[in-house]
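Chemist: Here you go, one structure.
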Ligand SMILES: NC(=O)C1=CN([C@@H]2O[C@H](COP(=O)(O)OP(=O)(O)OC[C@H]3O[C@@H](n4cnc5c(N)ncnc54)[C@H](O)[C@@H]3O)[C@@H](O)[C@H]2O)C=CC1
Ligand SMILES: O=C1O[C@H](COP(=O)(O)O)[C@@H](O)[C@H](O)[C@H]1O
């Protein structure tokens with residue numbers, strides 16, 4: 001059955017990947033502070049996610065929220081991540097609970113755990129002979145303030161699940177690129193997420209049943225230091241791409 005889905009950050013790259021494959025699969029309401037370019041698959045609300053009134057209005061009649069909006073730069077300064085990523089995410093979770101939304105999928109990041117990539121582990125952990133693996137049960141270990149903001153978003157999700165009854169899945173997205181994995185970048189190849197696997201993963205977040213989860217969002221790359229077992233088990237994520245199959 002089609003569900004009513006609110007997609008924040010719809011005008012960005014991850015939003016583009018999701019809507020590229022799923023435009024006809026659900027009833028979409030799109031939110032971004034940047035106005036749309038071209039035709040959209042649903043109502044487009046131009047709003048900032050830190051504007052509580054606008055976010056509450058956008059939640060009306062919504063079953064599921066995919067929350068992407070935020071500053072995606074690993075080098076983003078504290079004032080930006082505090083406003084866009086932490087305050088904005090709290091505003092979205094709070095409005096979702098108030099509106100009786102069932103589930104929220106939160107775009108977390110590999111950078112929430114970037115500091116596990118210590119000097120003694122790298123670059124081996126990016127290569128197939130190495131078996132170092134993070135599975136989503138480890139504590140956050142950010143290597144920058146952007147990663148801190150994503151860990152904060154995951155913790156907000158934990159609170160809104162435990163105390164406010166929301167189903168929440170946090171996707172620690174790897175490196176999304178269109179058509180092929182990053183070139184000459186071993187780390188990016190190990191955490192590549194293809195556009196079609198990205199769309200499929202978020203489709204599973206819309207359709208699956210869960211309580212509170214943290215999963216990694218990468219394709220089925222030969223070398224991976226993030227496990228996708230939890231995404232497979234809980235969401236029935238079945239990726240089709242593998243960075244090793246590209247030159
Ligand atoms: N692209 C990637 O490989 C990865 C992305 N992510 C996360 O996924 C999400 C989406 O990332 P991308 O699509 O790559 O970034 P993007 O910059 O292409 O898209 C983000 C969108 O959010 C909007 N936005 C930002 N702050 C906003 C605010 N306060 N109110 C309303 N709209 C706002 C922007 O206008 C933009 O359209 C981000 O939260 C990012 O941290 C996480 C890991 C990897
Ligand atoms: O969270 C994010 O991660 C990806 C991959 O990180 P990078 O440091 O290897 O580039 C990044 O491209 C994206 O912009 C960011 O939001």
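Glycine is no exception: its Cβ is also placed from the backbone N, Cα and C atoms.
Checked TrEMBL, it gives:
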type	residues	note
ACT_SITE	146	active site, proton acceptor
BINDING	84, 109, 146, 150	NAD(+) binding site
DOMAIN	5-176	domain 'NAD-dependent epimerase/dehydratase'
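Can you tell me where each of these features sits in the structure?
Modeler: The Cβ of residue 146 (active site, proton acceptor) lies under 8 Å from the Cβ of 71, 72, 73, 74, 75, 76, 81, 85, 109, 111, each of these being in the same chain and 6 or more residues away along the sequence.
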Chemist: Would you pick out, from the binding-site residues 84, 109, the residue whose Cβ has the largest number of other Cβ atoms within 10 Å?
Modeler: 109
Chemist: Determine the mean pLDDT over the domain 'NAD-dependent epimerase/dehydratase' (5-176), rounding to the nearest whole number.
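Modeler: The average pLDDT of the model in the domain 'NAD-dependent epimerase/dehydratase' (5-176) works out to 98.
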